[in-house]
Amino acid sequence: MDPRNLLEVRNLTMRFGGIVANNDVSFDVAQGSITALIGPNGAGKTTVFNCLTGFYRASEGTIHLAGDQGCAPLEVGGLLSKPLIGGSYLVARAGIARTFQNIRLFREMSVVENLLVAQHNHLDRNLLSGALGLRRYRQAERDGIERAFHWLRVMDLEEDANRLAGELPYGRQRRLEIARAMCTGPRLVCLDEPAAGLNPREKADLAERIQHLRNEHRVTVLLIEHDMSLVMGISEHIVVLDHGEVIAAGDPQEVKNSPAVITAYLGADDDEEGAA
Amino acid sequence: MSTHASPTFIRPLREAGVTFVLALIVFGPISGLVLDGYSIEPHLGRPLLIASIVAAGRLLFGVLEQTPFGQKLLARNARKASGGVTVARGDEYKLLYFVVPLVIAIGVTLPFVANKYWLGNLILALIYVLLGLGLNIVVGLAGLLDLGFVAFYAVGAYFLALGAQYLDIGFWTALVCAPMLAACFGAVLGFPVLRMHGDYLAIVTLGFGEIIRLVLNNWLDFTGGPNGASVPAPTIFGLEFSRIAKQGGTPFHEFFGLEYSSDYKLMFTYLVLLVVVLLMVRFLTKLRQMPMGRAWEALREDEIACRSLGINHVIVKLSAFMMGAMTGGLAGVFFATYQGFVNPTSFNFFESALILAIVVLGGLGSTLGVIIAALVLTLLPEVLREFADYRVLAFGALMVLMMIWRPRGLIRPKRPHFAPEV
Amino acid sequence: MDWHILGQQLVNGLTLGSIYGLIAIGYTMVYGIIGMINFAHGDVYMISAYLTAISLAVLSAFGVESVPFAIVVTLGLTMFITGVYGWSIERVAYRPLRGSTRLAPLISAIGISLLLQNYVQVAQGARNQGIPSLIDGVFRVGNDKDFVQMTHVQLLIVIASFGAMAGLTWLIQRTSLGRQCRATQQDRHMAEILGINTDRIISTVFVIGAAMAAIAGTLVTLNYGSFDFFVGFVTGIKAFTAAVLGGIGSLPGAMLGGILLGLFESLFSGFVNTDYKDVFSFSVLVLVLIFRPSGLLGRPEVEKV
Ligand SMILES: Nc1ncnc2c1ncn2[C@@H]1O[C@H](COP(=O)(O)OP(=O)(O)O)[C@@H](O)[C@H]1O
Ligand SMILES: [Mg+2]
């Protein structure tokens, strides 16, 4: 692996029966970058995310995540196929967090609880020390609550702390999902259409927050987004998918001028996609 | 729609008519023509009565739907059914400081005032509270449907009975070991099934409950088969609660120079059980705010999201399943001690159904609700003895109605309140 | 090994398996279309056994002598009434719960199951019921001591099951209703958009499942002649096992799974132990779930994220 990269996807192919959702997809995500994955609906972007985060087992190809603090790189497929204990949760533990295109919050739990669940692996899970209220346990819980409120402040959700997640307005639910992903302490956070359904002001606000996450909190961002101005504005690297294949990759300027992208994607549907 | 128009009776009447005919078809043969050997004994009035009641209900509903009052009623219910869960404000627990000691005081004094019959019922009721709390962890918190909960109850009860017979185990040893054994059973059964998604757990546990009963019934040499096995009286500091000491100690009444009475054993069982239940309640209240309890509820809400947060869903589900099994095993030890004897008929499917009814009525996840439901569902039938035949019928109807009207139960748990440290 | 015992157990297994297959159809179709285990299905089968006995008794009370006529009328009546049961159960207990929590329809189904069992127990009494044996006659191969036999009822069971299965396959594969069923199974939302009344299709599936269970109920009653209000419980679990073994959601799978399970179970009780045959069938369920959750003919499920 190139030490400048956090993630390397090589020859990723994903088939569902006869449907080929991803075909020979390769791209890199550099350490500390904001990388965007764009493409028309049905291009296979979410499927790439599902492979990265271990929800799907890729039919072919490899996904390598750089090791933490000098450790050897991890292969996502390998984490899934570990006997007995393998599973997508190991990918999350390795440092990839995500949000979902259709928001998946714990709707009947409070906002803070959503964030505490995300810290499950950092808290004291021992039932005995919890039942006896040991100091170690209480300290871990206090730290967890502090961290939860920290991320609520970052995402400007503090006044909603003690509301049910399901009753928040849509835009706030999106932000809460990002806060929840950040609570796992990830190195790479994958955002699946975080601006979908937001109004222009909320979108601008979101763009700022994503940059803030990267600049202040040192997390690498991989994002799927349809809003071209948002994507062009904040990302350093763009990968364009169409019909499951990478048709262009590069910085915003290169992608904007790529003939393949113009015909396949930006061309006739530019306005429509931008406004959606 | 028709909020201001006067209600029309034509549509409801037609619907009620259709309902009447359907109800006649459904209830007619089974309730109207009773098999008597190879011939038939007609009871034609019964299906007519049932169908009329059903149709009348449908008519009433149809008319009510059209009146403003009825619409308000329905709308309110719909709203409650969808949400209903709220977050605590963080200051409503003051009342508990009075209520909890009061309840404990009543609980402790009850055995000294109740007669033997009611003391027995109280013990049974508390056993069901324990069972309800255990199943509530599995169904209410973790959202896993366990239809063979009674199997773990049986494991606990038989552990004491057979352990005493073969290994010379006593009440206190069983109290510690039986829950562990039940948890092991839970792990062995749960691990393979919990690894896949879908509702297979429900049917596998349903089968498992039946299997345990079959094995207890058929393994004559080991379990005593349908005749069951006897259970030794409990001891306290080596003093036995029996007329003559069988386990080499002194009987309780002789030591204190009292007249022998089986009440002592019941009182003892009750008091130990009460302590266990209180500890359990305390533990469960804490658990809902502990990482494990939160993870269970999160898993019930959305398993995929949990996995994306690095939660090992299999282990978390398994821990809930094992905790439930443990509680079931614990309850089994008390049941065996109380009865002094166990046999397979105590552990049939209807027992599982009763426990599930307790959890459903109590409100999937609410500790207080489950306690109240357990007390009501076990003590009420004692009062209404003449309706004993209809008990299971009522439980079935109750489950369906609760799922339609109040899927979160009668008492809805509040979410805990959190504040940052300043 | 005694070959005649083996032969006899195979015949018995085939009969038993056809029954499991018929009941499994109800589980598999309902699971395929709304993704829930219909726990009340075993009890619908139990109801149909009672309806069979009642119908036969009524017919004989009216002086009907012809056995084939009585059986045909009984089968028709039982299928109709049981079908109404299937329809009503879906309408009352499952339809209001669409879009509710995942657990709600399962609990509701258990409620209906308890309700049916207790209703029959209260209405008909808890005692074992029975009918006289109506069809005698056997086909027999072998000498007087060692022989393999198949009674006419057993043959009827196998023929009727395969007939019903063939009819149902034709219905699903060739008719417009069948096409709508398959479309709804694939994607309920999309089917709805295309103008299919999916509520009606779901109801239809419940009716079909119940009617198939009714055929099974009638045939079993003719064969064994004895039943009580609890027969639906264990038979239901086994039929579900058959559905999982064949691949849940697959119609041919249900029949295949049923026959395999019937054969396994017969062989087990013939050569190993009769008392534990239910334990054995249940172990089959767990083993299949562990090693091949998609069954023999089912497609592996990909979860939607
Ligand atoms: N679980 C699945 N089973 C079958 N097909 C799928 C599945 N997930 C995605 N697909 C197919 O893969 C293609 C790409 O989908 P997706 O990745 O969601 O696109 P995008 O996110 O770019 O809009 C679509 O044709 C979709 O139908
Ligand atoms: Mg997508």
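All residue numbers here begin at 1 and follow the chain in the order shown.
Just so it is clear, glycine is given a Cβ too, placed from its N, Cα and C backbone atoms.
What TrEMBL says about a protein is an automatic prediction, not a curated fact.
Same-chain neighbours of the transmembrane segment (B:16-35): 41-44, 46-48, 50-52, 54-56, 58-59, 62, counting only residues six or more beyond its ends whose CB sits under 8 Å from a CB of the stretch. Under the heading transmembrane segment, TrEMBL lists B:16-35 (among others).
Residues or ranges marked as transmembrane segment by TrEMBL: B:47-64 (among others). Listed as Cβ neighbours of the transmembrane segment (B:47-64) (distance under 8 Å, sequence separation of 6 or more from its ends, same chain) are residues 7, 9, 11-13, 15-17, 19-20, 23-24, 27-28, 31-32, 70, 73-74.
What TrEMBL records for B:95-114 (among others) is transmembrane segment. Here the transmembrane segment (B:95-114) has Cβ contacts under 8 Å with residues 122, 266-267, 270-271, 274, 278 of the same chain, all six or more residues outside its ends.
Annotation comment: TrEMBL describes B:126-159 (among others) as transmembrane segment.
Panel annotation: around the transmembrane segment (B:171-193), residues 151-152, 155-156, 159-160, 163-164, 200-201, 204-205, 208, 232, 234-235, 314, 317-318, 321-330, 332-333, 336-337 of the same chain, lying at least six beyond its termini, place a Cβ under 8 Å from a Cβ of the stretch. TrEMBL lists B:171-193 (among others) with the feature transmembrane segment.
Residues 144-151, 154-155, 158, 189-190, 193-194, 226, 344, 347-349, 352 of the same chain lie 6+ residues outside the transmembrane segment (B:200-220) yet bring a C-beta within less than 8 angstroms of a C-beta in it. For B:200-220 (among others), the entry in TrEMBL reads transmembrane segment.
Annotation source TrEMBL lists transmembrane segment at B:266-284 (among others).
Per TrEMBL, the feature transmembrane segment maps to B:318-341 (among others). Long-range contacts of the transmembrane segment (B:318-341) within the same chain, counting only residues at least 6 positions beyond its ends with a Cβ under 8 Å from a Cβ of the stretch, are 120, 123-124, 126-127, 130-131, 133-135, 137-138, 141-142, 144, 146, 149-161, 171, 174-175, 178-183, 185-187, 190-191, 194, 228-231, 233-234, 266, 269, 272-273, 276, 280, 292, 296, 299.
As annotated by TrEMBL, transmembrane segment applies to B:353-380 (among others). Beyond the transmembrane segment (B:353-380), the same-chain residues lying 6 or more positions past its ends with a Cβ under 8 Å from any Cβ of the stretch are 121, 124-125, 128-129, 131-133, 135-136, 139-141, 147, 149-150, 281, 284-285, 288, 297, 392, 395-396, 398-399, 402-403, 406-413.
As annotated by TrEMBL, transmembrane segment applies to B:387-405 (among others). Counting only same-chain residues 6+ beyond the ends of the transmembrane segment (B:387-405), those with a CB under 8 A from a CB of the stretch are 77, 81, 350, 353-354, 356-357, 360-361, 377, 381.
Non-local neighbours of the transmembrane segment (B:266-284) in the same chain are 104, 107-108, 110-112, 116, 119-120, 122-123, 126-127, 129-130, 133, 136-137, 234, 236, 241, 252, 327, 330, 334, 337-338, 367, 371; each lies 6+ residues outside the stretch with a CB under 8 Å from one of its CB atoms.
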